[in-house]
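Colleague: TrEMBL lists these features:
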- 10: active site, nucleophile (ACT_SITE)
- 12: active site, proton donor (ACT_SITE)
- 10, 12, 135: Mg(2+) binding site (BINDING)
- 91, 93, 106, 108: Zn(2+) binding site (BINDING)
- 52: site 'Stabilizes the phosphoryl group' (SITE)
- 109: site 'Contributes to substrate recognition' (SITE)
- 110: site 'Contributes to substrate recognition' (SITE)
C-alpha cells in the first residue's frame, strides 16, 4: 500500500476567512492566495486534508447538517479550481458546551492530535513527511505532537502567544501560497541532501 504525505489545513482563518460560528455557506470564500498554493501542493503529491475545531456544535450555535453544507460549499469552491480535498475532519466537542453529547474532554480537539492520527490511519499518511498549516498556536501544537512539520499563518488571529517547544512552528508565513513555497523549497532541499 502506498504511503502518502499530506498537508493538513485548519479551516477557519486559514483556508477560509474566519467568520465565527458561520452557518451560511454563501458567506464562504477562499483565503487570498489559497488557490495558487493548494494547486502547487497537489501537483507535488500532497493530500490536502482539513482539520478543524467546530465547538459551535457543543454550544448549540450550529448543527451537523450545517457543517456538512459548509463542507460541500468549500469543496465546490476548491473543485472549480481543480483542487480536491482528500478529507474533512472536525471536532464537535468543547468541555464547557451545553449540548451533552458534545460537552466532553476529547482527544480530537486541537491542540490534541486525534484528528491527525485518524486521518493518517485512514489515508495511510506518514506524519513525519507531512505538514500542518494553521493560524493559531493550537494548530501548530497539534501538528508538532505527532511529528508533522508546522507553519503558522500570521494573519493576526493568534492573540495568546504562549510559546514552548510544541507550540513553535517551523516557519511563520503570510498566506497559503507562501506556505506552499516554503514546503516545496524544503522538499527540494531534502531531495538534494539525500543524493549526497
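Note: Cβ is positioned from N, Cα and C throughout, glycine not excepted.
Keep in mind that TrEMBL annotations are predicted by a computer and have not been checked by a curator.
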Colleague: What is the number of other Cβ atoms found within 10 Å of the Cβ of residue 91 (Zn(2+) binding site)?
Modeller: 21
Colleague: Compute the C-alpha separation of residue 110 (site 'Contributes to substrate recognition') from residue 91 (Zn(2+) binding site), stating it in Å without decimals.
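Modeller: Each residue's Cα considered, residue 110 (site 'Contributes to substrate recognition') and residue 91 (Zn(2+) binding site) end up 8 Å apart.
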Colleague: So around the Zn(2+) site, 91, 93, 106, 108 aside, which residues have their CB within 8 A of the centroid of those CB atoms?
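Modeller: For the Zn(2+) site, the extra neighbours are 53, 92, 104, 107, 109, 112, 114, 115.
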Colleague: Residue 93 (Zn(2+) binding site) to residue 109 (site 'Contributes to substrate recognition'): how many Å between their Cα atoms?
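Modeller: The Cα atom of residue 93 (Zn(2+) binding site) is 7 Å away from the Cα atom of residue 109 (site 'Contributes to substrate recognition').
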Colleague: Is it possible to get the count of other C-beta atoms within 10 angstroms of the C-beta of residue 108 (Zn(2+) binding site)?
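Modeller: There are 19 such Cβ atoms around residue 108 (Zn(2+) binding site).
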Colleague: What is the nearest of the recorded positions 10, 12, 52, 135 to residue 106 (Zn(2+) binding site), using the Cα of each?
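Modeller: Going through 10, 12, 52, 135 one by one, the closest to residue 106 (Zn(2+) binding site) is 52.
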Colleague: Around residue 52 (site 'Stabilizes the phosphoryl group'), which residues of its chain at least 6 apart sit with Cβ under 8 Å of its Cβ?
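Modeller: Non-local contacts for residue 52 (site 'Stabilizes the phosphoryl group'): 10, 11, 12, 88, 89, 90, 91.
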Colleague: Give me the sequence-ordered set of same-chain residues, not including 10, 12, 135, with a C-beta within 8 angstroms of the centroid of the Mg(2+) site's C-beta atoms.
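Modeller: My list of surrounding residues reads 11, 13, 14, 15, 18, 52, 134, 136, 139, 153, 157.
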Colleague: Provide, as an integer number of angstrom, the distance between the C-alpha atoms of residue 135 (Mg(2+) binding site) and residue 108 (Zn(2+) binding site).
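Modeller: Cα-Cα distance, residue 135 (Mg(2+) binding site) to residue 108 (Zn(2+) binding site): 18 Å.
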Colleague: Just jot down the residues in the same chain as residue 109 (site 'Contributes to substrate recognition'), at least 6 apart in sequence, with C-beta under 8 A of its C-beta; none if empty.
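Modeller: When sequence neighbours closer than 6 are ignored, residue 109 (site 'Contributes to substrate recognition') has 53, 55, 91, 93, 94 within Cβ distance under 8 Å.
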Colleague: Radius 10 Å, atoms counted are CB only; among the active-site residues 10, 12, which position scores highest?
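Modeller: Of the active-site residues 10, 12, the highest Cβ count within 10 Å belongs to 10.
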Colleague: Measure from the Cβ of residue 106 (Zn(2+) binding site) and count the other Cβ atoms within 10 Å, all protein chains considered.
Modeller: 15
